[in-house]
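Over in TrEMBL, the protein carries these features:
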- Asp141: active site (ACT_SITE)
- Asp485: active site (ACT_SITE)
- Glu112, Asp141: UDP-alpha-D-glucose binding site (BINDING)
- Lys284, Asp321: Mn(2+) binding site (BINDING)
- 21-43: transmembrane segment (TRANSMEM)
- 55-74: transmembrane segment (TRANSMEM)
- 556-576: transmembrane segment (TRANSMEM)
- 596-618: transmembrane segment (TRANSMEM)
- 686-705: transmembrane segment (TRANSMEM)
- 717-735: transmembrane segment (TRANSMEM)
- 747-770: transmembrane segment (TRANSMEM)
- 1159-1184: transmembrane segment (TRANSMEM)
- 1204-1224: transmembrane segment (TRANSMEM)
- 1294-1313: transmembrane segment (TRANSMEM)
- 1325-1343: transmembrane segment (TRANSMEM)
- 1355-1378: transmembrane segment (TRANSMEM)
Amino acid sequence: MDSLPLFSTNVPKALVIINRLYILVCSIGMFSLIYFRVSSLFITDQLTNDKPPLIPSLLIFASELIILFVWLVNRLTRWQMVSRTPILERLPKDEKLPGIDVFIFTADPKMEPTVDVMNTVISAMAMDYPPEKLHVYVSDDAGSSITLHGMTEAWSFARSWLPFCKKYRKIVKTGCPELFFSASESGFGDDEFIEEMKKIKGKYDEFKERVNAYNFYGKRTSTTTPQDHPAAIEVLNNWYIISLPKKVIGDKLTSNSAIVDQVKMPLLVYVAREKRPSQPHHFKAGAINALVKSLSLMRSRTHTLRVSALKSNSPYILLLDCDMHCNDPGSARKAMCFHLDTKISPTLAFVKFPQTFRNIGGYDIYDGSMRTSLKVFLPGMDGLQGPLMGGTCCYIKRKALLGNSKHQEIEVSELKNHFGSSSKFINSFRDHDHVHGSTHDEDSSNALHEDMHLLASTTYEKNTKWGEEASSLLVGFLYTSVVEDCFTGFMLHCNGWTSVYCYPSTPQFLGNSPTCLNILLIQWTRWSCGVLDFAFSRFCPLVYGPPRMSILMTCAYAYIALFPLLSVSLWCLATVPQLYLFNGISLYPKVSSYSFIIFASLSLLWLLGDLIEVLLSGGSIQTWINEERIFIFKAVASFFYGLLEAVMKKIGMRKANFVLTDKGSDSEQIKLYQVGLFDFRASNMFLVPLVTFTILNIISFLGGLTRVIVEGNWEDMFGHLCLSVFILVMSYPIIEGILVRKDKGRIPPSVVLVSSLYSVIFLVLGRVTFDVLKTRWRMVTRTPIPERLPKDEMLPGIDVFIFTADPNMEPTVDVMTTVISVMAMDYPPEKLHVYVSDDAGSTKTLHGMREAWSFARSWLPFCKKYRKIVKTRSPELFFSASESGFGDDEFIEEMNKIKGKYEEFKERVNAYNIYDKRESTTTPQDHPAAVELRVSALKSNSPYILLLDCDMQCNDPGSARQAMCFHLDPKISPTLAFVNYPQRFRNIGPYDIYDGSMRTTWKLFFPGLDGLQCPMLSGTCCYIKRKALLGNSKHQENDLSELKNHFGASNKFIYSLWDRDHDHSSTPDEDSSNSLQEEMQLLASSTYEENTKWGEEASSQLMSTKSSRLVSSMLLWWKTVSRDLCYIAMDGLQWSCGVLDFGLSRFCPFVYGPPRMSILMTCGYACSTLFPFPSVSLWCLATIPQLYLFHGISLYPKVSTPSFILFVSLVLAWLLGDLIEALLSGASIQTWINEERIIIFKAVTSYLYGFLEAVMKKIGMRKANFVLTDKGFDSEQIKLYQLGLFDFRASNMFLVPLVTFTILNIISFLGGLTRVIVAGNWEDMFGHLCLSVFILVMSYPIIEGILLRKDKGRIPLSVVLVSSWYSVIFLVLGRVILMY
């Protein structure tokens, strides 16, 4: 009989084969998806010439990889599923059965009702197992007197309950009185049974009343708390007998206590391990180990393990949570069928029973039955090496926890290093039978209690290996994670132990499942954090497992440890595709493509696989939906917070924490649960993410669906719509809780409002980020390949136009440096023609050109000879750069000569008197023509024109060749109008207080336009096709008279329009020098354009063409930027007025653009022409709210109202959007602050004046005017700029408004704040105060210039006085207006 197996094993071969085929098919689909994603990153759309969005594609791909990995390691556990059936008839007789120590753990009588805990104790005592072999230990981590009192009451009731169960074992099929009396079976039996049952039920009711009536704090001393109390150990059956009347003699009872003689009682022990705030207690694992030492469990169970070793030292231990009642009294015998089987016993560490629940509702909306884990995952692990341990319903072999088989080989001193100083505990290891059952007859009771108290103390584990692995020797439950059971089971499997999963048809243990969402999410947050602690440790299954266990078993533990990472994937899939759906951009393949079949097939396979699995395991379609839904909810909330907590713990920002699961529930919770309604009375920490992601999907779905209906792009967006529909179906309970339900469990309106705001903020920020990143996603980055250009003789000619207007404001040396740098460009000199347009008609400019020509005769050969060293053709840049100091002796010698000539050149130019050779009758505004577009048409007529400002020096000599790489490309050349380079500045200070780098324009706005259709044509650094300006392709269709009406009377110029090659390069040898000179003088005259169409659009002569922009990492052009506030303001005024002239004309982009360009391109030009309008808005926001703040009247909603959140969210969304934009473009937070500040300053002054001037010009009150930017600087300006200080030596026209609006805000803020402090109306005025604080922060340089600075750049006192006067007048007039 002993040689026969004590259990049978069944392998469902058909199911195993189906599972393996399913994994194989899905794996093929998974690899196909990965191939598609990787390849799509490098594929350009042939129709649109676009690549897929990089960043979101990478996010989605990473999310899909995580899902694929987690799915695969999860599915591989189904590789060899088994089921096992114990054969009870083959067990040995009772006297040969081994002892069992039952460990029951409780930690808080408030959250774990004592009556429920005592039901677990009584049910464990009533198990169908020899009572002398059964020892029940209760670990109370709270050290609560109510638990101890409850145990005495439970012992008293058990004296009646156990005989009753034994007598009617055929009827009483559960040892838990609560389960028995609430079940229908309690009503069956004969009269004798019914009579006795009523007596027992009466005693049970009295037992509950006594327990519930006991005051929790009644017997706790004032100095103890659940986290700070001494060790306490009580052996309750001995204690009870000692307390009996005189009829009790020793252990023998008189006839008056015959009821106790009818049945033997198991040992019952109360253990409260010592806990001190200064000492780590390791939660449940610490308690287990205390029980193993004195018989307590893990961090809170570890102490019990030590105590039990002295008291009973049974070879097997049953772990039970305090609410996990023993439903089937035969579970111990079933477990022994495996532990005593001769074939598997030597390596069997534990037998795991499923954790089933008695309060599962008909809908099971929270997946409390854990079907996947109990019916699929654990049987799958059982077919590999065994299931994971689990913290309850588990019969463990003691030697597996303590490695007893190795103790004989280890010296006592080493064992004490591992297990502590208790000799009695060490000696217990030598007992191979583990059944010494020491009592007060064998040992001195006092000595035993002292040893047990020592083992349960908080200091016993100091300097030992408890909770660690030492030399492959497990020392109790391990302390690495709060999921100590899972981690300890993993280490047992790594050490070669196996385990068994037993799932009988009758539930062996029944507990209470969470019946409200809050408890469920808290529980899963703790588990998620715990398994990630495990994953992030050195024992990560993917690293630690492979050398010690099979690859399939490693995969199983990898799934357990890493499943919370799915939160990242689900958050990405629930937000990023929806953002793109809302904006009409596809991240998934078209329906008509083969790639779509991969996505659709894999998704359907996964969903159908899960559905079939549910149906085969006895579930329904509704069960499947509920499981999918609650998994998504847990991933979005619990897994995500668990991941954050684990990461924070790993980096030291958070300490380990254990949040106990509340085992109680109110009637409203139960009612909602039973009717299948979610109880949303949960923490906002969980609700807000769930509701936010639902509302976000609703908005995105409706917006995306509307866009799809309007645009008809179903093929592109079908994948997004399907994903959004699936998410919304899974989120139905949330939608119902928002819109339909009115009960207490609905979602609070405040949560809905906050979540709606978060959704809007996400969409706004997403749109901003999208607009920023979109320019990179859709921009075709062009890299010129100069090596493929034709030979020099085949290159087209280039006319360079350099413009100057006033040698006083534009130093002639700088202008000539620009001229020289252009002449020295790396381009065939015979194809390069440099024209300097001097609008001042100054002889100094002409003189400077002659000197530049003279110096260029030495500079150009020098540059050509040393082109590898001389990388810039601007002599000023070259001689001031570090590169000018490198080279051999010959180079240095020649360089010094050239530098000397350059110094002489500058001296001669600067020494020339501007008025020396000017006729007395001429001025910069009144002078004759001197030898621009028309003039160049006669002289060179090159097909391409380079426009340059006079201070825009050529830094890279290769810019012309790079531009020709685009202009000569046969694919884009026919429609290419111009190639635009960004303006770069060489004198940007480290603080860039005036936003001179124009980061937003060059790094964001222009690339954005380029991604749409083309960048705007700027006035410099631009290579333009001549025919794009003059419409040459249509001139052959017009007769000569019509062309003269358009272009003027010059026949030679008209003939030049018919020259398709644009490169006749006429010279004095070919044409009469005098005749040519006269014709050029005519074209440059002020009267030539009269009665022509120059500067207008006539009959489409100005062709509509596309353009391209070169994006280069080199600084192709260097320019100087304004370094004082005055010229910044003047530039802003001039630009504002100019673009508003454009915006207020018939060519307004909103009117003229839509029929001729895309709506996005129209918006781009609208932004360029209408940006000065916000000046009016800023003035209103900088004055009116401040006036009302000063007088204590609110214009904004109260802080406590939902409307306030709208304002705050929108403002934060805008500010964060700009900040993110700045950071993404490589800027810093200080750069962002400077940009926000200078835009406010310009709006308050320049934009306002520009707006007024444009309006006055429109109504005829003012003529057009152009204020030249001064290109010169004094040393004081430069010093202040480099220090990051504003130079306020500006016109009062600009200073007074700035200082006025600052002083007005200071007065209003101080007055309003005083009023708020006195009146206490913070809620009403908080919005005003925030606005005023923001304005004052932005105005700090002005405040500094008023109060702190003493240098020349400070704000003059006269300006401060005038501005203060204006502020007071405004407040007084405002008060008068408010009164009436």
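Yeah, the Cβs are placed from backbone N, Cα and C, and that goes for glycine too.
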Within 10 Å of each Cβ, count the other Cβ atoms and name the one among the recorded positions Glu112, Asp141, Asp321, Asp485 with the highest count.
Asp141
Give me the Cα-Cα distance between Asp141 (active site) and Glu112 (UDP-alpha-D-glucose binding site), rounded to a whole Å.
12
Measure from the CA atom of Asp321 (Mn(2+) binding site) to the CA atom of Asp485 (active site) and give the result in Å, rounded to a whole number.
12
Can you grab the distance from Glu112 (UDP-alpha-D-glucose binding site) over to Asp321 (Mn(2+) binding site)? Cα atoms, rounded to a whole Å.
10
Folded-back contacts onto the transmembrane segment (1355-1378), same chain, C-beta under 8 angstroms, at least six residues removed:
1183, 1187, 1190-1191, 1193, 1288, 1292, 1295-1296, 1299-1300, 1302-1304, 1307-1308, 1342, 1345-1346, 1349
